[in-house]
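Trainee: I am attaching a structure below and will ask some questions about it afterwards.
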Amino acid sequence: MQIFHNLNEWIHFRNTLSPDLSLGFAPTMGNLHAGHASLFLASSKENHYTVSSLFVNPTQFNNPDDYKHYPRTVDADLELMTQNGVDFCILPNENEIYTDGYAYQVQENRLGQLMEGKHRPGHFNGVLTIVMKLFNLVKPTRAYFGEKDYQQLLLIQGMVKALFMDIEIKSCPTVREKSGLACSSRNNRLTPSQREIADEFAKIFHQNKSSAMISKELEALGITVEYIEEFQGRRFAAVKIGDIRLIDNYLL
């Protein structure tokens, strides 16, 4: 795997690649897990080359403590990428990415105001802006995103369509642990007792019951329920176990 620490080096290299070659792209913030690996493998099966990025994007954190405590595990992340078919990895720094000081932003004013957007003001502006920047840098044929962040996936699909971007957005199924808990970088921060509660969250959330009944059962376990909502035939949830925030969704 070839690693690029400098954006100018990447841009120069990208310009040398034949336009006849397909590029798959799976952007990440690091602290990788099996869910990320599934994106890399899906891309490597469908493209000549697979590109990823490691960048903890500050503009999508509405809580500064979350950004500060986000695990940085670069060596392990690069190893996982190498083992799962990534050919090129970009590791930009914040000054390179935000040369404008975040003066220019991508904003969506409908779906982006619901659920995650309602509870995390400004989050999706940061997500869409960094994804747009990375798309312009990588110029991928296809880009891969997990269904665990389904609202994010819908917004990226909408952005690409609205702005006439010639990129195919591929959705990949949520990867789950044996308990049914969705793989997430945040799972690593759970204590053993919190982990047991998180496993119960996954089981209860997937029950064939009303959102109100599910909320009541979760709250009885000491879980803080931010929202459980149904949207476009899916059920979405965001909860907090201690100070760890977890999200999930599934098709009804």
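Each Cβ is built from the backbone N, Cα and C atoms, and glycine gets one as well.
Worth saying up front: this structure is predicted, and the values here are computed from it rather than measured.
For His36, the entry in Swiss-Prot reads active site, proton donor, with the evidence type sequence analysis. Swiss-Prot lists 29-36, 146-149, Val175, 183-186 with the feature ATP binding site, giving sequence analysis as the kind of evidence. Per Swiss-Prot, (R)-pantoate binding site is recorded for Gln60, Gln152, and the stated evidence type is sequence analysis. Taken from Swiss-Prot, the feature beta-alanine binding site applies to Gln60.
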Trainee: Using Cα coordinates, what distance in whole Å links Val175 (ATP binding site) and His36 (active site, proton donor)?
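Mentor: Cα-Cα, rounded: 9 Å.
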Trainee: Say you check the Cα of Ser185 (ATP binding site) against those of the recorded positions His36, Gln60, Gln152; which is nearest?
Mentor: His36
Trainee: Which state, by DSSP, holds Gln60 ((R)-pantoate binding site): helix, strand or coil?
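Mentor: Going by the DSSP assignment, Gln60 ((R)-pantoate binding site) falls within a helical segment, counted as helix.
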Trainee: Long-range same-chain neighbours of Leu32 (ATP binding site), Cβ under 8 Å, sequence gap at least 6?
Mentor: Thr73, Ala76, Asp77, Leu80, Met81, Ser185
Trainee: Using a 10 Å radius around its CB, how many other CB atoms surround Met29 (ATP binding site)?
Mentor: 20
Trainee: Just to be sure I understand the packing, how many Cβ atoms besides its own are within 10 Å of the Cβ of Gln60 ((R)-pantoate binding site)?
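Mentor: There are 21 of them.
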Trainee: Rounded to a whole number, how many Å is the Cα of Gln60 ((R)-pantoate binding site) away from the Cα of Gly35 (ATP binding site)?
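Mentor: The Cα atom of Gln60 ((R)-pantoate binding site) is 20 Å away from the Cα atom of Gly35 (ATP binding site).
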Trainee: Through the lens of DSSP with three states only, how would you label Met29 (ATP binding site)?
Mentor: coil
Trainee: Near the Cβ of Gln152 ((R)-pantoate binding site), how many other Cβ atoms are there if near means within 10 Å?
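Mentor: For Gln152 ((R)-pantoate binding site), the 10 Å Cβ neighbour count is 22.
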